[in-house]
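Engineer: Pasting the feature list from TrEMBL:
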BINDING   GLY52, PRO53, GLN54, SER55, SER56, GLY57, LYS58, SER59  GTP binding site
DOMAIN    42-257  domain 'GB1/RHD3-type G'
TOPO_DOM  1-688  topological domain 'Cytoplasmic'
TOPO_DOM  734-840  topological domain 'Cytoplasmic'
TRANSMEM  713-732  transmembrane segment
Amino acid sequence: MKLKDDNVDDDSCATQLIDANGDFNVAGLDNFIKRTNLSHCGLFYAMVAIMGPQSSGKSTLLNHLFHTSFREMDAFKGRAQTTKGIWIAKCVGIEPFTIAMDLEGTDGRERGEEDTTFEKQSALFALAVSDIVLINMWCHDIGREQAANKPLLKTVFQVMMRLFSPRKTTLLFVIRDKTKTPLEHLEPILREDIQKIWDAVPKPQAHKHTPLSEFFNVEVTALSSYEDKEDKFKAEVAQLRQRFFHSISPGGLAGDRRGVVPASGFSISAQQIWKVIQENKDLDLPAHKVMVATVRCEEIANEKLSCLCSDEGWLALEEAVQLGPVRGFGEKLSSIIDAYLSQYDAEAMFFDEGVRNAKRQQLESKALDIVYPAYTTMLGHLRSKALNTFKTKLEQSLNNGEGFAASVCMWTQSCMLEFDKGSADAVVRQANWDVSRVREKLRRDINSHAMSVRSAELSEILANFEKQLTKALVEPVESLFEASGKDIWFSIRKLLKHETEATVSKFLSSIAGFELDEETTGRMQLCLRDHARKLVEDKAREEAGKVLMLMKDRFSLVFNHDNDLLPRVWTGKEDIKAITRDARYASLKLLSDLAAIRLDEKPDRIESVLRSSLMDGTVAVKSSQYASREAYVDPLASSTWEEVSPKDTLITPVQCKSLWRQFQVETEYTVTQAISAQEAYKRGNNWLPPPWAILAMVILGFNEFMILLRNPLYLVALFVVFLFGKAIWVNMDIAGEFRIGTLAGLLSISSRFLPTVMNLVKRLAEEAQGYSTSEQTELQNFTATDAQTFRNEVQKPNMVSSTMSSSSVSGVGSYSASGDNENEHSITNLTQAKKRSFTS
């Protein structure tokens with residue numbers, strides 16, 4: 001590229017924006033913006049375009065005026081087209097940042113008369129993007145009707161009508177190679193011609209009467225000939241250059257411009273304007289301005305969003321919050337978001353306000369969407385921490401014995417306050433996120449845990465009191481059934497009421513700290529009472545399951561013991577029939593007590609029905625008496641009791657009848673054994689002959705008696721024989737031998753008689769010889785041997801009877817015990833008799 005002035009600064013970065021074929025140089029424009037830092041200028045930049053006939057010195061003027069480096073025509077090579085398409089360059093040394101735009105000249109022979117499309121397109125492009133348009137024209141063309149300047153002006157005004165809302169553009173007419181005619185005379189003529197052209201240009205209906213001043217500021221200046229008066233030309237250009245300093249400030253050349261596109265959107269704006277112009281569409285500048293703002297603001301927003309996603313501070317904060325609560329989370333996150341929103345505001349501040357604000361809201365919304373998961377994680381940590389604190393503190397309070405309700409209330413308030421402080425610290429200023437759902441969930445979790453703890457505590461307390469009731473009722477009720485008192489169910493009801501009321505009172509005291517409502521308290525009291533009642537009912541059913549054994553035990557106890565609970569000795573004086581009846585009635589009483597549960601104090605006739613049916617025989621009598629007239633209905637032939645609910649029935653009437661029949665069978669042996677023992681006792685203690693025999697002996701033995709009286713020696717001999725016989729009787733325990741039976745007694749006596757006689761004779765001989773020292777030992781050994789022999793003989797029948805029922809064993813045991821007592825009594829008497837005989 002050849003410059004007209006070699007001293008021009010190369011910093012202008014001249015770049016072809018649109019080539020001669022109408023192709024937009026996007027890469028070149030982006031490179032120009034990057035090299036000149038245009039994107040940082042905001043609205044503080046100006047666009048200056050120049051148009052005019054071909055070879056009219058447009059590029060030369062721009063190079064001298066703005067120190068640019070546009071290519072200039074070489075006059076020595078001939079006059080031809082130099083600038084093709086549209087070029088731009090930075091105006092060096094001009095404040096604010098100013099861009100010079102050099103348009104391809106009009107009316108060139110290269111394109112011809114028919115090809116004016118590019119001229120109109122470039123003119124419209126220049127009017128759409130420029131603040132100041134320099135119209136380069138020759139001085140000698142002013143006043144001419146067909147001069148080249150008029151077609152140019154017509155083109156400018158015609159394309160201006162295609163702008164939906166034109167910018168306020170400054171038209172600076174530069175009169176080149178001015179003559180001696182003063183500018184004061186040329187300017188009115190020029191303005192008059194401009195007005196005529198404006199008036200003649202067809203206008204849309206909306207601008208039918210719009211004055212030229214509404215669209216353009218018209219300025220006129222004149223320059224000397226560059227070829228003839230170069231020095232003067234440069235001086236005048238230098239003066240004109242001063243007018244471009246602060247050109248966009250109020251009072252400057254473009255001080256009242258409108259619809260400026262921010263510098264960062266210049267590339268997008270220029271591309272879209274040229275695209276619309278090429279498509280031969282009307283250019284809607286306000287819509288274009290919105291479009292540029294939309295595209296550029298969205299680019300800025302996406303850039304800031306991307307920067308936020310990769311921000312080290314945000315990434316560190318996001319990582320930290322995954323591990324636990326972060327102090328100052330909200331402030332840190334808000335600062336990060338604020339920083340990027342501020343950067344967005346700084347870069348997008350010059351774009352359309354509506355678009356700018358809308359994109360800012362989108363940026364803010366997307367940024368908040370990115371950080372929202374971290375925020376929810378933070379709230380989750382706060383909720384978990386508050387809930388864990390509540391669990392720990394509540395457990396400690398309960399372990400310290402504090403009231404449940406008071407502890408729950410206190411720690412709920414404390415933990416909710418802790419959560420509120422944490423959530424307030426986590427609030428992001430840019431967001432309006434509702435924390436109430438998380439807070440409500442925390443409250444629900446706290447309430448749920450409190451309820452579970454309360455349920456567990458109450459269940460444990462209830463279980464403890466149920467255990468107390470079990471301990472207080474089961475064994476006492478069992479003992480009452482075993483004792484079978486006069487009114488067993490009255491005693492059970494009294495015991496149940498006393499223990500239940502005492503336990504319920506203690507229970508109410510223990511749950512006072514829970515502050516339960518009346519319904520819950522009443523339900524738990526009812527549960528305790530039901531448990532106590534069920535314990536008694538279950539125990540009654542358990543006892544009813546073994547009623548037969550209990551009846552036999554009751555029968556054995558009454559039958560084998562007297563009123564002082566001492567074992568009976570069947571001596572023959574006892575009324576076995578009456579005793580048996582009493583024992584059976586006691587068993588029947590036990591059966592009637594266990595036949596039904598009587599905790600509701602409802603009267604019933606179970607005992608009377610059982611007694612009349614099973615013992616008194618009134619039913620049987622009635623049956624036999626009226627058998628001819630009516631059929632008898634057995635009251636025990638039923639599965640229910642009158643006035644007794646089926647759920648309270650333990651033993652049905654039919655079962656009672658069957659049990660009584662089995663009971664009688666199993667207790668008959670005990671009664672038989674008692675009768676046998678009584679008869680044996682009578683036989684063993686009745687050795688005197690019958691009275692008639694005694695009377696016969698007295699009458700028939702009178703003579704012998706008188707002989708004894710007349711001869712005392714017979715009495716002495718008879719006395720000695722009596723003593724010897726008594727000693728044999730005692731030593732052999734003849735009475736005891738015959739208790740086990742006559743045959744067994746005879747066999748035992750016959751086998752022991754001779755050894756006993758020999759032993760007595762031997763001892764008498766030893767006594768006569770003076771061996772008195774061993775008397776006591778021998779006597780003790782003899783006594784012990786005889787006693788042991790007697791016990792062995794007596795226990796033989798007991799071994800036979802051991803296979804009988806438990807009631808029979810009890811009766812036989814009582815009999816054996818009485819036999820042992822009598823045996824010991826007989827041995828004692830024998831020992832005393834022997835002592836007396838030895839002494840005598």
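Including glycine, each Cβ sits where the backbone N, Cα and C put it.
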Engineer: With every protein chain in view, how many other Cβ atoms are within 10 Å of the Cβ of SER56 (GTP binding site)?
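Structural biologist: For SER56 (GTP binding site), the 10 Å Cβ neighbour count is 26.
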Engineer: Ranking the binding-site residues GLY52, PRO53, GLY57 by other Cβ atoms within 10 Å, which is at the bottom?
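Structural biologist: Among the binding-site residues GLY52, PRO53, GLY57, the sparsest Cβ neighbourhood within 10 Å belongs to PRO53.
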Engineer: Roughly where does the domain 'GB1/RHD3-type G' (42-257) sit in mean pLDDT, to the nearest integer?
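Structural biologist: Within the domain 'GB1/RHD3-type G' (42-257), the model's average pLDDT equals 82.
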Engineer: Ranking the binding-site residues SER55, LYS58, SER59 by other Cβ atoms within 10 Å, which is at the bottom?
Structural biologist: SER55
Engineer: How many other Cβ atoms are found within 10 Å of the Cβ atom of GLN54 (GTP binding site), counting all protein chains shown?
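Structural biologist: So the number of other Cβ atoms within 10 Å of GLN54 (GTP binding site) is 20.
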Engineer: So around the GTP site, GLY52, PRO53, GLN54, SER55, SER56, GLY57, LYS58, SER59 aside, which residues have their CB within 8 A of the centroid of those CB atoms?
Structural biologist: GLY105, ASN136
